[in-house]
Amino acid sequence: MSGSSGPQAQRGPCPFALLLLLLLGPSSVLAISFHLPVNSRKCLREEIHKDLLVTGAYEITDQSGGAGGLRTHLKITDSAGHILYSKEDATKGKFAFTTEDYDMFEVCFESKGTGRIPDQLVILDMKHGVEAKNYEEIAKVEKLKPLEVELRRLEDLSESIVNDFAYMKKREEEMRDTNESTNTRVLYFSIFSMFCLIGLATWQVFYLRRFFKAKKLIE
């Protein structure tokens, strides 16, 4: 028994944890690239949860050689129109902000120039939440070992998933309350409509009865 326990103790980290890191880690980073014609505007929208760090890097390749006074304006806003980041004549840079509420955020690139100018190539890489954290810097500050850094990252990722499930549960409860409220209103409206129809039918019966009596068609 003692001979077999030694190698097992030296196996290292849990294979399941490493598998989660391999599956969830690389797939969480996504760069978007597109072509931006001159005098055009393209926007990207994304819903992001509350109190999350959002970081991004962008690079705009100008293939015109500076002809036509080509300039590109980058602006990031929330659904209320508040400007979170703005850059005139953007070429390459980074940005960061923290969300205050769950909201829809919009990243817009607008190109302005004159003449026939080739399309610009825009590359945008946005990260938020766990993806936006600089774990290399955290490791230096807290003097963490590589395995401890990966475990910290896995812990943050698990917390993020739990928060997502909690938000979805809250949304489900809100939708259920809305459905129940709607069903109650429909029921009350149906009852009101039924009484209106009964009242209208009763009025028509009495009206026709008086009409026929006036015409002496009935006694």
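The backbone N, Cα and C atoms fix where each Cβ goes, and this holds for glycine too.
Check Swiss-Prot against the ranges 22-30, 103-111, 211-219 and you find motif 'COPI vesicle coat-binding' recorded for 211-219. If you average pLDDT over the region 'Interaction with COPG1' (204-219) in this model, you get 79. Under 8 Å from some Cβ of the region 'Interaction with COPG1' (204-219) lies no Cβ of any residue in the same chain that is six or more residues away from its ends. For Arg176 (dimethylated arginine), other Cβ atoms within 10 Å of its Cβ number 10.
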